[in-house]
Amino acid sequence: MDAQDSEKASRILEWIALAKRPMKKIELLDGVTLHRGNSQLNEKTRLWERVIDVCKPLVEDGPNGTVVFIHFTVQEYLLKLSPNISDDPIVKPVDAHHDISFACIAYLRTALDLIDPNIPEEQKMVQVAMGFHALQLYASEHWITHLLEYADFNGDLKDKASQPLMEQLASLYTVHEDMRVQLSRTPNTSAQSHAAGDVTKGLLYLSNIEAGNMVRQTVGLRKLLLNKQHITGQEVEAFEMAQDSTLFTEVLLSYKKIVHYLLEVTLVPGLDREQLARFKQHYGPSAFVCHFRGCPRATDGYSTELKLRDHETRVHAGGIKCSEMSCSWNRIGFNTSAALKRHMQKYHSTLESGKKSDVSVVRRKYICGNSKTSNGDSWGCGQRFVLESELQRHFESAAGQICIAEKSSRLPTAHDDLPGRPELQHTTADRVSEKSVQDVGNFLNDLNIDDVPPEYKREGDGWFAIFNPNVPRVLDVDLVHTLLHDSVVCCVRFSGDGKYIATGCNHAAQIFDISTGVRVSYLGHMPTDGAGDLYVRGVCFSPDGKYLATGAGDRFVRLWDIKAKTIRHAFSGHEQDVYALDFARNGRIIASASSDRTVRLWDLDSGLAILVLAIDDGFTSVAISPDARLVAAGSLDKSLRVWDVINGSLVQKYDGHCDSVYSIAFAPNGRELISASLDKTIMIWKLPLPLASPDIDSIGGVRTFKGHKGFVLAVDLTPDGQWTLSGSKDRSVQFWDSQSGSAQLAIIGHKSPGTIFSLCWLLVTPVSIMSSHDSEPIG
């Protein structure tokens, strides 16, 4: 391999190792073409597919036209992810982020041609169809992320190594500002103000350069979009276009418009039929991308607009909602049209006039007058609006001023500060419903939200909570964040300092900032063959928050350095899927449970298994006691077992469940265990004192909680042990008094089908999070 091929191979490996998602071949080729020695993409400079052969056998074709490593150990080797590898990594993250940033920025400078009024539309279409804009979606979404990560890594942007990137950024800024003048665009500074609230080290460095305003505007817009609630993709697109101080949103919309047009036509001047067919083959399967920034489908979309709308409705818009404005399901929404139809037939088959009600999608969640006054009267005109800005404009109008005056002239009730209360009158039917509510016991999920009086429920967009009328109400609940994923979310875990949330899903573990809900890290997991599914089923932070342990379907337990986004250890030994993980409080041991019928304890210093515990059936869950003396595991054989960590002796076996045990947790005091089972119950068990027992006899639980209608798959306790949380296949999370076993409340926050697979409690502040089959963990 000559020096030129070596440089190309190095850039290819950088992109595959550190791109924010698997790169399609057509994207990768354009990205590798643009580098510090070449900032132009044209027929003479572009690379062809055979250049990827220089990286074989390290890479291979992946699913959906991507290029991937043949095995995850390739990435470990290149990035020096194992302590057994040389100190000098082949792919250095700081260099990779420089080169990827350079390519994205160089492309964006060329992409401004798509909105240049002096370039004929036919010429723009030919350029897109010939593949010279293949990098558009990735560059538009991730250029700022790579740039900030490079600035964080490098610090001093005035050094010689940063000069090519800074020159390219300055060139983009110059062309961008010239185009703004040419198009007579006036900057909008509102997005830039949002960037000022959270200045990272990288953003601080970049703010001091000439292009700093453009960088701050982009960062501010991203934060503005994440914090703004929208109902449809069209709303997001219109809002982003109005708020973007740069021209990049306009460029993106122009690109998407051209792509969609090319997919429909059969003839384009300047293109032969073979070129157009090749374009449709490459771009057609993913041309319709999600409008919501941060969604994985924002850069890798769907083959039809119908599939895209279904995705945005199901994942982002809170479902299909009842058209009756007084109905609770007007705010909550259904996942399918069939579910909405059944609801309409049961509760809204006729209107007061006798005319059959129409089934329609209504998402007007902003209401003029959404709470009661002290004497039970309503205030406001009751109008509903799709956008918050529309409601604000109503309040500023003459009619809205009357509504505001009406509210201020009356005393509020004790519940006026609870958002989303329904406007319901207490009728005879409500009193009948209240009686049935009183008889429900702990089976809160048996109640229909429409039949529950307002004092026993709390509603939000896409979720609701029902409070037990038989016990004093001492807890309240509200939605903090919805963290969107593009696959089933198998597991969730908070960091010990309460600042971050880790989730496990298909092909990745992801980390989110709790305060903002923004994803801060994406840790990719690819199957050995580069194709198919690979679910991360267990995640756990180290006590100091520096590492994240992940367990997946490929039988490996990985220990990630979160800051470097590299793997410190890849523990091998399990023969089947790893289903659960736990970190000891001392930070020196990780426990893993597998369907291969073993629990293994791993030593972080040596990277070896120091204890292997085996039974005759598969394990589903594992936990280490607060003092790190005991390890407990639940299994498919309906039992729980507790072992001594030091010598591996069995301390106690617990029997009592009628079906498999799927989740366990130690109480904070270290003297009790809690378990969840497919038999729809939660049980609390006393640990034997002293711990060592000469004769191991099976004993039963001391308390049993019944109330779920489906399998109970997840359980946890609050730090003081007062409350037990459980998640079930019945789509609910219930809060239980740990001593009395009374259910305090049930939250139903995931659309059908939605199974709660995992949940955890934040140790610092009272926040819980749960993961579900519907791809949306909520907290």
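Every residue gets a Cβ built from N, Cα and C, even glycine.
Listed features, source TrEMBL:
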| type | residues | note |
| --- | --- | --- |
| DOMAIN | 288-316 | domain 'C2H2-type' |
| DOMAIN | 320-348 | domain 'C2H2-type' |
| REPEAT | 536-570 | repeat 'WD' |
| REPEAT | 571-612 | repeat 'WD' |
| REPEAT | 612-653 | repeat 'WD' |
| REPEAT | 654-687 | repeat 'WD' |
| REPEAT | 705-746 | repeat 'WD' |
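Sorting the repeat 'WD' (571-612) by DSSP state (H, G, I as helix; E, B as strand; all else coil) yields 0 helix, 23 strand, 19 coil. Per DSSP, the domain 'C2H2-type' (288-316) is made up of 15 helix, 2 strand, 12 coil. Within the model, the domain 'C2H2-type' (288-316) shows a mean pLDDT value of 82, rounded to a whole number.
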